[in-house]
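Trainee: Have a look at this one.
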Ligand SMILES: NC(=O)C1=CN([C@@H]2O[C@H](COP(=O)(O)OP(=O)(O)OC[C@H]3O[C@@H](n4cnc5c(N)ncnc54)[C@H](OP(=O)(O)O)[C@@H]3O)[C@@H](O)[C@H]2O)C=CC1
Ligand SMILES: Nc1nc(=O)c2c([nH]1)NC[C@@H]1CN(c3ccc(C(=O)N[C@@H](CCC(=O)O)C(=O)O)cc3)C=[N+]21
């Protein structure tokens, strides 16, 4: 039976490190400040955003949530972002996704000043990650890398298979694993005979968005399995991995909840401090 990776514990450790950095910044007269834009009434978003607010407070980061009705014109959001970009007291800006259908996600995300883009979604931050001059790295894949580091998993030479190629998770995840010298395979909805790939994985990262998509038959004995998925089934959240079957095959596995999710939030705080530090240094 595999060891369960305690994401809640590691997120706690990470937050303590971040709190110390916040303390040091405050001595220099800088209080890291995060602004979250919540547009529309996507039910999960409201609860995530409250979680972010609470976590920020716990490490001494101040935060504002700006709420906009779903029918808000995109221009209002763009103007708001322009103002926040100019405001020296704002260090981090996050636009909660998904956006209402009438908004152009790419255009909105591109409007956040890249220095304040604590999600790491701006093309400048994406480009930096891609050429290895990392600036701000997307929270979820960064959180996975931190978990692997805390668990002392040496990725060099490992075959890492990532299921999913989104800009938020799959692609940056693959880039980070490549930087850590893993051999990386990315699977997606057009991959043929996917099991042939996943069964070769020493590290398997599932970021698909389908409940319990990965089963024991997809996993090599002794593999490390990271479940990024957050799915709501019958009012409960579950991952993209069929935990009960895969647990007995994997050497280590993240649960859902209390796996990658809490690390994502911890990395948002860390990115906010990083952004404040970079703005402080000019
Ligand atoms: N824990 C956390 O902090 C976070 C969790 N999440 C969760 O992670 C999951 C993935 O999120 P995200 O990347 O944004 O999702 P997307 O829907 O943007 O991407 C899903 C990816 O999975 C691929 N895919 C879909 N169906 C299959 C299939 N049958 N076989 C193989 N690949 C498939 C898609 O392929 P294609 O490109 O071909 O369509 C796509 O690349 C979701 O459950 C989400 O809720 C997301 C962000 C943060
Ligand atoms: N601009 C933007 N940035 C994001 O980072 C972003 C986003 N939009 N939109 C939605 C996704 C999803 N996401 C999660 C973060 C934490 C948990 C989390 O902490 N989950 C807890 C459980 C929470 C619960 O019980 O509902 C856990 O896994 O233990 C989940 C999901 C960030 N996202």
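Here the Cβ of each residue, glycine as well, is placed from N, Cα and C on the backbone.
So TrEMBL lists these for the protein:
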BINDING   164, 165, 166, 230  NADP(+) binding site
DOMAIN    5-119  domain 'Tetrahydrofolate dehydrogenase/cyclohydrolase catalytic'
DOMAIN    138-279  domain 'Tetrahydrofolate dehydrogenase/cyclohydrolase NAD(P)-binding'
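How buried are these features, and what lies next to them?
Mentor: In the three-state DSSP classification, residue 165 (NADP(+) binding site) falls within coil.
Note on the domain 'Tetrahydrofolate dehydrogenase/cyclohydrolase catalytic' (5-119): DSSP counts are 61 helix, 19 strand, 35 coil.
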Trainee: How do the residues of the domain 'Tetrahydrofolate dehydrogenase/cyclohydrolase NAD(P)-binding' (138-279) split into helix, strand and coil according to DSSP?
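Mentor: DSSP classes over the domain 'Tetrahydrofolate dehydrogenase/cyclohydrolase NAD(P)-binding' (138-279) add up to 54 helix, 28 strand, 60 coil.
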Trainee: Would you mind giving the whole-number mean pLDDT across the domain 'Tetrahydrofolate dehydrogenase/cyclohydrolase NAD(P)-binding' (138-279)?
Mentor: 98
Trainee: Using a 10 Å radius around each Cβ and counting other Cβ atoms from all shown chains, which of the binding-site residues 165, 166, 230 yields the largest count?
Mentor: 230
